[in-house]
Amino acid sequence: MLRQVIHRGLKASFYWLGLFVSRHPVFFLTVPAVLTIIFGSTVLSRFKPETDLEILVAPTHSLAKIERSLANSLFPIDQSKHKLYSDLHTPGRYGRLILLARSGGNILELAEQVLQVHKKVLDMRVNYKGFNYTFAHLCVLRHRDKRCLLDDIITIFEDIRLAVLSNSTFSKVPVSYPNTTLKDGRVSFIGHQLGGVALPANNRDQQVKFARAIQITYYLRNLGPVVQDIIAEKWETEFCKLVHQLATDSQELHIQSLTSFSLWRDFHKTGVLAKSEVLVSLVLVLLAATISSSMRDCLRGKPFLGLLGVLTICIANVTAAGIFFISDGKFNSTLLGIPFFAMGHGTKGVFELLAGWRRTRESLPFKERVADAFADVMVCYTMTSSLYIITFGMGASPFTNIESVKVFCQSMCVAVLVNYFYVFSFYGSCLVFAGQLEQNRYHSVFCCKIPSVEYLDRQPTWFKTMMSDGHDLSTHHDSVPYQNHFIQHFLREHYTEWITNTYVKPFVVILYLIYASFSFMGCLQISDGSNIINLLASNSPSVSFALTQQKYFSNYSPVIGFYIYEPIEYWNSTVQEHLKTLGQGFNKISWIDNYFHFLRVVNISASTKSDFISILKTSFLRSPEYQHFVDDIIFSKNGAEYDIIASKMYLVARTTEKTREEVVELLERLRPLSLINSIKFIVFNPTFVFMDRYSSSIISPILTSGFSVLTILILTFFLVINPLGNFWLILTVTSVELGVLGLMTLWNVDMDSISILCLIYTLNFAMDHCAPHLYTFVLATEHTRTQCIKISLEEHGAAILQNTSCFVIGIMPLLFVPSNLTYTLFKCSLLTAGCTVLHCFVILPVFLTFFPPSKKRHKKKKRAKRKEREREREREREREEIECIEVRENPDHVTNV
């Protein structure tokens, strides 16, 4: 009883809302238009892009950020970033080059050309307020001699050039890999500076004879003042221009560059590239909506209502964008999906309202028809809009650890709210005016009076076709004009009969088993998309640089800083063995290993604290080949003696081309050791900030959204008229969600911020389209399930087809935007629409004929009502016979009357 009361109360509320809108159409048309003008004007004036890529795509809360703060407090990262090599996420300002020998050549034979490029970079000038700045003014300085810090590969190539100039070959310069000894005696790790190395099979000393590429990084100071950063930014811009020119002019070298702003530039480039495609998408959706809303009936066709519906959602999106920027929001390229997602939800409400209008009785006044359409449609549309807000609201909650996902979900919630208001206000007003025109028999396109039948009979055929309403004027109130819509006609006359055919059902079951098996297979192969390349423009310099880097410089992992942040007894043999165990399997760049090697060479023992620290400070750190280790140790003076309170060393692991996955494994292996080990240490690399707990962070929004929807649908079991509707909706949405997840994985889509947002949208898109379909079936009172599913398809099939076709047509232009982000958005959106249509038109119509709810009780009720009516007719007949007998027996009385 409570369920019926709630349902009737909601329908009555929306009926009165429809009446209110129909009585004040000008007000509800004007207010949204004024709001759009007010908020839309702020889009251009307050538009600001988000410039910090780390804020957007890195997990907001992670141990890596805490470890970075601790490491930076001990050893400033800006001073040691040249040792903490990271492939794409080097902190601060910098410029990086990859020089690749063309035609498979040996880069070691091109030392002169490499050094010429290097010299041009050093000589490049940047003008700021009349002063010229070069790299020497901006570079990171070495502590020992205050000279610019350069990669050791430059020193090696200078030695090779000198050897060539002295009529020797480059092979005379000993270059080992990955560790090589320089002329000053220092041992340097060049695994990330020399790439594509081929070592002879019988080469015991690892001497390099052939290499394909070198990588040079120019580190800039980060002093803090705004002026310094502006000059550094200008230097990076000029650096990119210079490299582009050198790459064009060079015949022997293929040159690529990367700077600190390159990733952001190519991430933001997606939004710039997609401008024209978004406009094309809008035009295509307008055409599709107009055509799909048309009928041959010029009185009831109303193609402009489809067009006005799309325009309603467009101005709603403009208003939502204005609200976003007024609240200090910053644009990023992931927000590109909001117009498409909002259009997919908004046009569903528009087409359902249009279908509801056409189902109303034409004999009613147009205001009551609008109210009936609201009562018929807005209950379900309100429910699905509420679920949109709940799911995306959970995505915007503190449980979400990715800022780009949180910003997107917040914006989507605002867009859905504004869409909902505009659909019942602006579009409701359009429906009122269209109804008034229809009631006064005005043409749906030309807005002129439709001539009488007698007048049309005297006109040519083309005029009759354009001006005829397609119905006999004397009988059009008794017909159902909506059934003449071409989609409705196809569903009623052809599709419903075919899909419910007994011989079709086995093939549908087989199709679903194939669908489920492929989905399950894909779900077992899910991989996280922590690689930032998935979000960049596909033909951008950053993507080309990253692919070259992965091909030639992926033999070794990023350099992992190993920071010991508490005093330990370095002179103790047990501690030394412990440190060796921790670094086992890594290529180490360690002051302590070099110190023990130094002690062995000079044949000195340092088994006590005083000897260990005394020799370390007075001999080891003053030797030219070991001076660079001064920055790796922090001493404290306690009275007359010194203590080592912290130190660091660097670890590098051997990897394959799947570097990112292996780095995540390294982090997961080392971090637990730091928590349970007696030596208190942390490990850090700038890449860890983007990779630490990324998988769990990116999955949590869809888990919280899915759990919230499941909870809501279960809690409302006792509030809806038939709980089986909720049960079927849960099963259907789960099937669609898992199908999209599995199939997108098979389509090479990783779990990144875009794909996870698409999965949240899939939940809502499936509910938006399946809920009216399922509830109509559950509440139908026909004799059989087959008849009920036919009625459900006839009522909602046209709106589902109209909306999904407009949605798919709208996302098609995204395929032509050269960006990995839009490719992901297109793939996931296409799978979402495809799986939803498959369930609405193929799987559900067949499976609902097998399983509950049963329609026998309705059949029994109808049989009982029919028997009751037969009894009433029998009694009526008996009364008539008695009256006839009385009339025959008393004719005089009848005559007198």
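Keep in mind that glycine also has a Cβ here, set from the backbone N, Cα and C atoms.
Small disclaimer: the values here were computed from a predicted structure and weren't measured.
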- Item | Candidate set Asn317, Asn603, residue annotated N-linked glycosylation site in Swiss-Prot | Asn603
- The candidate from Asn167, Asn555 that Swiss-Prot records as N-linked glycosylation site is Asn167
- Task: For Asn332 (N-linked glycosylation site), identify the closest of the glycosylation sites Asn132, Asn167, Asn179, Asn572, Asn803, judging by Cα separation.
- Result: Asn803
- Task: Measure from the Cα of Asn603 (N-linked glycosylation site) to the Cα of every one of the glycosylation sites Asn132, Asn167, Asn179, Asn572, Asn803, then give the nearest.
- Result: Asn572
- To the nearest whole angstrom, state the Cα distance for the pair Asn132 (N-linked glycosylation site) and Asn803 (N-linked glycosylation site). 59
- Task: From the glycosylation sites Asn167, Asn179, Asn803, pick the residue whose C-alpha lies nearest to the C-alpha of Asn572 (N-linked glycosylation site).
- Result: Asn179
- For the glycosylation sites Asn179, Asn332, Asn803, the largest set of other C-beta atoms within 10 Å encircles the C-beta of Asn803
- Across the domain 'SSD' (273-433) the predicted model averages a pLDDT of 90
- Item | Euclidean distance between Cα atoms of Asn179 (N-linked glycosylation site) and Asn167 (N-linked glycosylation site), Å | 27
